[in-house]
Amino acid sequence: MLATSADGSLAGYARVERGDGTGDAEAELVVAPGARRQGVGRALLTRLEELAGDRPLRVWAHGDLPGSAELARPRGYQRARVLLQMRRDLAGVDPEPRPRLPEGVSVRTFRPGRDEQAWLRTNARAFASHPEQGSWTAEDLGLRLAEPWFDPAGFFLAWHGERLLGSHWTKVHPPGDEGPEAVGEVYVLGIDPDAQGLGLGRALTDVGLAHLRGLGLRQVLLYVDEDNIAAVTLYERSGFTRHAVDVSWRRTP
């Protein structure tokens, strides 16, 4: 849905999907800065609620702005999820890290056609409480592996014998995607619950960042839920700072 101003310029945008696997309708709402506090957001949100019907509605607002809360709270919405984008420069990254790995643990890159099932099992365990990542299927993984950006050289797996303990999957955004220059991403970093506390998260982070620096990139980003305190702490200790915030507001009819 698009909202336009009197002069025909774009004033706002909203979209709604059938659901996110929880039974909720999931939506996104954006109002142009010059059109804020003119009823555009209210009109778009009303239409989203009509489309959601009797289903709970989650609406993503880009940026944790006071206007979003002023619009959402009086209509019965509560903050359901806060997603942080964190970034850091790669200039200070050790290009040849020597990660401290537990005895018997080794790191190697992903082998297409061989490591899919092991990765899916460990990913499901690592993100058992995550609303999206933990529910990946073989089809979901296959779609990502078929993307033009996929590079197995940037997909690192930590093994103890034949058991996969964790992984760090990196990604590169081309120029124009996340800024004028190419930008790296900590795409998926996950550790099996039974292997947490061994330092694998920091070790795999260092390996992945070194890889991205070796590609000549100058910056890296990642997305993490604000309430994932352990992950946020790990990333802050690895030099990341908060760059942007998205908030999901939820209402039950």
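Numbering starts at 1 and runs along the chain as displayed.
Each residue, glycine too, has its Cβ placed from N, Cα and C.
Curation does not apply to TrEMBL; its annotations are automatic.
In the three-state DSSP scheme, Val30 (acetyl-CoA 1 binding site) falls into the strand class. Annotation for Val30 (acetyl-CoA 1 binding site): same-chain Cβ neighbours under 8 Å, separated by at least 6 residues, are Gly12, Tyr13, Ala14, His62. The acetyl-CoA 1 binding site annotation in TrEMBL covers Leu29, Val30, Val31.
Feature annotation from TrEMBL assigns acetyl-CoA 2 binding site to Leu189, Gly190, Ile191, Gln196, Gly197, Leu198, Gly199, Leu200, Gly201, Arg202. For Leu189 (acetyl-CoA 2 binding site), applying a Cβ distance below 8 Å and a minimum sequence separation of six or more within one chain yields Gly166, Ser167, His168, Trp169, Gly201, Leu204, Thr205, Gly208, Leu222, Ala231.
Mean predicted confidence for the domain 'N-acetyltransferase' (1-99): the pLDDT average there is 91. If you look up TrEMBL, you'll see 1-99 (among others) marked as domain 'N-acetyltransferase'.
What TrEMBL lists as domain 'N-acetyltransferase' is 105-253 (among others). Break the domain 'N-acetyltransferase' (105-253) down by DSSP state and the numbers are 52 helix, 49 strand, 48 coil.
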Sorry to bug you, but what's the C-alpha spacing from Ile191 (acetyl-CoA 2 binding site) to Leu29 (acetyl-CoA 1 binding site), rounded to the closest Å? 33
Pairwise CA distance, Val31 (acetyl-CoA 1 binding site) versus Ile191 (acetyl-CoA 2 binding site), rounded so that it is a whole Å: 38
Highest Cβ count within 10 Å among the binding-site residues Gly197, Gly199, Gly201: which residue is it? Gly201
My understanding is the cutoff is Cβ-Cβ under 8 Å with a sequence separation of 6 or more in the same chain; which residues meet that for Ile191 (acetyl-CoA 2 binding site)? Ala126, Leu165, Gly166, Leu200, Gly201, Leu204
Which one, from the binding-site residues Leu29, Val31, has the smallest tally of other C-beta atoms lying within 10 Å of its C-beta? Leu29
